[in-house]
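> This is the structure, below, for whatever I ask next.
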Amino acid sequence: MPGLRASPPALLLLLALALPRGSLAVQQLEPGSRSAAAAARVALQYRNFQAGSLGGLRALGQVRKATLKNIPESGHKYYLQFSTEDYRTGEDAGNCLATVLFPKKKSRPVVSIKCSHTKDQKEIQEEDNKFYQRIRHQSKPITASNIPDSYGNIEPALEPVWALAVAGSSSIMWEKSTETLGYFLAQVKSARQWMRKDDFIEFDYTVLLHEMPTQEIISCHMRLTWLPGQPLKVKHFCAPEGHGAEQGSGAESGSAAGPAAEKGASF
């Protein structure tokens, strides 16, 4: 007697039953939802750090489409489409497609992102070089505090110092973010330039991060080195107010596999 043969619909049913429960759980999110915006912001923080470019920094515009998928044994994965703005001018900077996986285990989000550009690469490189030369041609090391000031103003001479802090702190905010906690750069409390014999620019920063939705202000020390066209290198150590010190880490931009952590950085 020939063996029983399942019809195509029956095969589909068997496959569905064989998959782990929850593996097909896909949820369309409202583009204006806080969770969609938070995931998109994490993707941009990852991109801003990985790009290592002051002229190419972007801020979140609007989320156009967002989907959330529950992946058993892994975590929640967001599929996102959103617009971006130039970080300094607010002008349209292009659209991005991204995925952000928030792992179940305590580790940084896993991000994949591709963006279109309204600036060509040559224009971005020229802006990077202008920032670099403004910092490099100082007659003495730069020291600064409270950027922006209490009125929200940034002195033109300190714009490159602020932009460098945005790029570097993006590494910290991406690493610290979870599905329920996000971060904004509130202020550069202090900045100090270290003079080097090579072409790299090096700064020590103390930055204040605004944690959402807890409203807590977190102070982080950051050592950063940068040269246009080279990976941005960041080591940091954060200590939330009213809590014990948190272990720091180090990261380098421009790696296809993501930055390599160097635990226990100290300055």
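Our numbering is plain: 1 for the first residue shown, then up by one each step along the chain.
Heads up, the Cβ atoms here are built off N, Cα and C, so glycines get one too.
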> For the region 'Disordered' entry in TrEMBL, name the matching range from 68-92, 118-142, 243-267.
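Based on what TrEMBL states, region 'Disordered' spans 243-267.
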> Could you break down the residues of the domain 'Cystatin LXN-type' (143-247) into DSSP helix, strand and coil, giving a count for each?
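Counting residues by DSSP class gives 21 helix, 48 strand, 36 coil.
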> Average the pLDDT scores across the domain 'Cystatin LXN-type' (143-247) and report the rounded value.
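Per the prediction, mean pLDDT sits at 91 for the domain 'Cystatin LXN-type' (143-247).
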> Of the residues in the domain 'Cystatin LXN-type' (26-123), how many are helix, strand and coil by DSSP?
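Secondary-structure breakdown of the domain 'Cystatin LXN-type' (26-123): 21 helix, 48 strand, 29 coil.
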